[in-house]
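*Asks:* Please read through the structure below; I'll follow up with questions.
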Amino acid sequence: MAGSSSWSQALMQISPYTFAAIGIAISIGVSVLGAAWGIYITGSSLIGAAIKAPRITSKNLISVIFCEAVAIYGVIVAIILQTKLESVPASQIYQPESLRAGYAIFASGIIVGFANLVCGLCVGIIGSSCALSDAQNSSLFVKILVIEIFGSALGLFGVIVGIIMSSQATWPAKAV
Amino acid sequence: MYGFEAMTFNIHGGYLEAIVRGHRSGLLSAADYNNLCQCETLDDIKMHLSATEYGPYLQNEPSPLHTTTIVEKCTQKLVDEYKHMLCQATEPLSTFLEYITYGHMIDNVVLIVTGTLHERDVQELLEKCHPLGMFDSIATLAVAQNMRELYRLVLVDTPLAPYFSECITSEDLDDINIEIMRNTLYKAYLEDFYKFCQKIGGATAEIMSDLLAFEADRRAVNITINSIGTELTRDDRRKLYSSFGLLYPYGHEELVVCEDIDQVRGVMEKYPPYQAIFAKISYGESQMLDKAFYEEEVKRLCLAFEQQFHYAVFFAYMRLREQEIRNLMWISECVAQNQKSRVHDSVVFIF
């Protein structure tokens, strides 16, 4: 394997297991970061607004539930990804097929993690504005909820692509 | 970074912003004002106000009601809300909230010094002070004879201390000097507040710049009109104008040489935002100018609520509440003196 630069050689010497494991970590960790971020943004506005307008509390919990769904997507994909992580014999660990599988799991994790991060943020900010507007004028709630639904679809896109990506992560068969 | 405040503002400011928006929904609407304007006596006013958020504050007042009592109780509500928000706030919001009250502190200082000059009793003056501008040792102001003593004895420990550097003289305090002192202090306060908002940056800086610039310009026009025909020299007048705002610096140059209201109108009509204000009042009439300025201010303050995740909503709410208290005072006075035809002269509807 004559690498053209030391960097590319170094990169290809990193075990694909590393990439796969980091991908799984990112998928769950960054998704939960996004969900938590969104929940605190919505929650603080919701609590403050509910002092003057207590009727908004039960309806506006939907915003918090949408943010929570983002974390659940991350957990689901992490569980799916970790079932894809198989052992290969030591002689085959640096074969191109192995590397491909490792990179596929890594990429899937990044896709899901970051899509859920921004989705959680988006839903959180909209949820905050939704709570404040609902407190002033209750006819606005349903209309702003539609915006939130579109926002939460972003996380779903990430999950779909992540799962498709990981489904083709096949490690080389045992017998060479 | 401007535009991304939504991501981190709610950590410290989300709860309080939601609370202040809740308070804003309790401001009196046009329908409430219409009901109030049709009241015959002060007891009717009290009955209408008890259906609004002022209810708990007015319900225990005994029946021969005075207009000053109504205004005092409504101000008390504002003070309670302010103190509640201040004790929940963290930096920089807490400093921002404190800045809002420095204007009242300046007014209180000037009130006590003027009253002492005219030999009024200190206790009586303290009762007339605005509660938002109170500080410890305010009663000691009555002892001071000139500005240097005023500074050294009392004001050096208050937040107003840095504003005094421009107006310390050894002259004794008399009416004209006190007005000049008030305007110099207020100029320093506005510039300091402006710099503070610029330091916070983001949406707060943008919206507060607009609101404070309007305030500075309004004061410049009022100073010009009030000093027409007095002994205030042009240089002194120029020193009282703030160094920011739409009129700075070219408008100020033109205002400095104005000698009557029509010249002021000529200067202001060159600036499109103010042209609309001056077009509403006909030639030679300056009483409606105050109301026109208040209406423009209320319009801009309401616009501050259109954006989320900034501090200017707190400033806007306090100012709108003060405008509402002014409205209530005017309505109560008109009703008490049986001049109901003049009630709409000075009431500015907020919604």
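Indices start at 1 and increase along the chain as displayed.
Cβ atoms here come from the backbone N, Cα and C positions, even for glycine.
Heads up, here are the entries from TrEMBL:
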type: DOMAIN; residues: A:22-81; note: domain 'V-ATPase proteolipid subunit C-like'
type: DOMAIN; residues: A:106-165; note: domain 'V-ATPase proteolipid subunit C-like'
type: TRANSMEM; residues: A:20-40; note: transmembrane segment
type: TRANSMEM; residues: A:61-81; note: transmembrane segment
type: TRANSMEM; residues: A:101-128; note: transmembrane segment
type: TRANSMEM; residues: A:140-165; note: transmembrane segment
*Asks:* Give me the DSSP three-state residue breakdown of the domain 'V-ATPase proteolipid subunit C-like' (A:22-81), ordered helix, strand, coil.
*Replies:* 57 helix, 0 strand, 3 coil
*Asks:* Taking all residues of the domain 'V-ATPase proteolipid subunit C-like' (A:22-81) together, what is their mean pLDDT?
*Replies:* 95
*Asks:* Could you break down the residues of the domain 'V-ATPase proteolipid subunit C-like' (A:106-165) into DSSP helix, strand and coil, giving a count for each?
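*Replies:* So the domain 'V-ATPase proteolipid subunit C-like' (A:106-165) is made up of 59 helix, 0 strand, 1 coil.
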